[in-house]
Amino acid sequence: MPLEDTATPVLRLRRGCPLWPPWARATRTGQLGGQERDPRLAAPSALLLTYLANFIAERVEVASPLNAWKRVVEGLALLDLGVSPYSGAIFHETPLIIYLFHFLIEYAELVFMITDVLTAVALYLAIQDFNKVVFKKQKLLIELDKYAPDVAELIQTPMEMHYIPLKVALFYLLNPYTVMSCVAKSTCAINNSVIAFFILATIKGSAFLSAVFLALATYQSLYPLTLFAPALLYLLQRQFIPIKLKSKSFWLYTMQYASLYLCSLVVIICLSFFLLNSWDFIPSVYGFILSVPDLTPNIGLFWYFFAEMFEHFSLFFVCVFQINVFFYTIPLAIKLKEHPIFFMFVQLAIISIFKSYPTVGDIALYMAFLPVWSHLYRFLRNIFILSCVLIFCSFLFPVLWHLWIYAGSANSNFYYAITLTFNIGQILLVSDYFYAFLRREYYLTHGLHLTRQDGTEAMLVLK
């Protein structure tokens, strides 16, 4: 009987067949030369590429129970058999995704490549428009003498801002995390694309499209709900509506945007119901995200903690962990109400760190925004150390996984230790940018050379 593997092509061994295929026998006997060379010599490289793609697709850092391609394939197989893909505990993607690939399964690789290119284009156009807004605002504040006289070196020039959109697009496309997600065909790439178009629509000032894409992003992974606040703040600024709780125009516009968002979300969910003729997808997708029943190791903070916890404590701590993503929205909205795009960047980073099933594809999205804040580099304190931490952790993930799962010379503590280090590195990186941003804003209005009342030099401290 042949030995078959549905995941990776292997050499089929049959009774009466030689162990080595013809091209391998030729290699062993030294008969490869001139016209004796077999065109099937391309087979090893094809096998190597297939093995590499399958290896990346199986990595827990790249694919999660929510967005793994093999789970999408399982869902499609159930759908073709007339069985609800949500009848088991395998498929946890949204109905729109499974129906998308129901028609495009043969072009899956092309779909993911096009999705990443569209994401990069959307980010390019969004940052291009954002830079124009920043330059106009900066010019207005200079004319109104809102800046201190000695901060000319902190002002962004058009030449400095010219290549930032291109850098953002390249940072996303050439990021190894993005490439791995594309190779693994992780549906995280589609989530990133929806969020990128949401950001583009918001910066363009289209409240309707912003609400629609935000509803789509929320429908896909729930956590983008927290991006409602920065989007609303930016759109209020575009309409020159004061952000005051006593202002009627503030509440009127907020209700309009919230209504557009909720109506779009209801329409998308109802469309999903009509496609499946069932509400099974709600507990299978959103219940799965919130309750975290699958404790497969990943780069997040949930799996190890709940694997070691007593069952009767799990509900309380699941609530505590999930609140983390939403908890920071209000204080950040208060502190960064004048800077909603930076607020959006921080919120994207918080989502990628504290969501229940994160992957490296989530990290690639917020890291694409780092060139936007290149003017903050002079105020960053630990950027080199933190960059090294994130790079080394990325290389150590597969090493410690191999030692734990295959070699048996390590245990889950080793892998979770590198996961904690990786997430702490991300938290410190975002904190460093947050501190640098506030520091630059303070210097712009108070001057670079701060002095105490006694005339001595003062040091700026974040409290």
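Placed from the backbone N, Cα and C atoms, the Cβ positions cover glycine too.
Annotated range for transmembrane segment in TrEMBL, selecting from 221-237, 340-356: 221-237. Taking pairs at least six residues apart, the transmembrane segment (313-334) and the transmembrane segment (285-306) share three or more Cβ pairs below 8 Å and count as touching. If one looks beyond the transmembrane segment (379-401) by at least 6 residues along the same chain, the residues whose Cβ comes under 8 Å of a Cβ in the stretch are 59-61, 176, 297, 299, 360, 410, 414-415, 418, 421-422, 425-426, 428-429, 432-433, 435-436, 439-440. Between the transmembrane segment (258-279) and the transmembrane segment (413-435) there are fewer than 3 Cβ pairs closer than 8 Å, counting only pairs 6 or more residues apart in sequence, which means the two stretches are not in contact. Residues 118-119, 122-123, 125-126, 129-130, 133, 224, 227-228, 231, 234-235, 238, 256-257, 260-262, 264-265, 267-268, 341, 344, 348, 365 of the same chain sit 6 or more residues outside the transmembrane segment (194-215) yet have a Cβ under 8 Å from a Cβ within it.
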